[in-house]
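A short worksheet on the structure shown next.
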Amino acid sequence: PAPISGQLPYPAAVSDQGEVPGEVSSAKKKKKKNKKSKNRSKKHKQAGSGEGQTGAAAAGAGGAGPSSAAAGSPAAKQAAPPAGAGGASTSAAAAAAAAPASSPGAAPAAAEGAQGEGKAGVVELGGDRRCTVSDFKGSKHVDLREWYRKDGELKPGMKGISLQVADWNTICSAVADIDRAVQQQDMSYNLYLSGKRKVSLSQFKGKTYVAVREFFLKDGQEMPGKKGLNMTPEQWDCLKKGIPNISAAV
């Protein structure tokens, strides 16, 4: 019988994939379209990310400024100092500029004892002892006193004696006699001042001292009082050298 139009005269051969030769299924077309659309979207994404990275790199380079670009130029390379030398000196200079300046008034404690040297009315005797001129109620006095340190400063202590100007003048006029008594180890020497005060010699552990001190009587004998100062021969020599300074201040 004659074949019906629209029908094959023989059974259609089916391929291994279940497709009829010469025909493309609509599902396969859809898959191809989907793959193409996916490929296009990937390309757009890659292009967008590439533009973002390029923009970020350009922004980073732009943040460095024109100086960064200029630094890469040959002229900048010649002008720039080596990192090991110029960089270190620049950082050291910056650190020195940032460091606070030292206070000019911060003097060592060891040099503080010599601050009285050269001042009018101040003679350093050594061992934190001084001869100074003070003014009390409008009257001048000469202080032979031991000082102490507090908060980095020397302050007058309780150990010492305050002399009237007349007593000071008596001592100045008897310097030669006091020196002679020290050389001869004359423990009986006494130079009496106003009130119950005197200059005498004393010994302690085989060493002679020049004592300017108050005294009191006990059983008819003169006993040393609390107010006064015992000076070593070296301190007495310092006092003698400072006599012109003290006398000028009173």
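Yeah, the Cβs are placed from backbone N, Cα and C, and that goes for glycine too.
Taken from TrEMBL as is:
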REGION    1-88  region 'Disordered'
COMPBIAS  27-46  compositional bias 'Basic residues'
COMPBIAS  66-88  compositional bias 'Low complexity'
DOMAIN    124-173  domain 'Transcriptional coactivator p15 (PC4) C-terminal'
DOMAIN    193-241  domain 'Transcriptional coactivator p15 (PC4) C-terminal'
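As a whole-number mean, the pLDDT of the domain 'Transcriptional coactivator p15 (PC4) C-terminal' (124-173) in this prediction is 93. Helix, strand and coil content of the domain 'Transcriptional coactivator p15 (PC4) C-terminal' (193-241), in residues and according to DSSP, is 9 helix, 31 strand, 9 coil. Shown for the domain 'Transcriptional coactivator p15 (PC4) C-terminal' (124-173): DSSP residue counts in helix, strand and coil, namely 9 helix, 33 strand, 8 coil.
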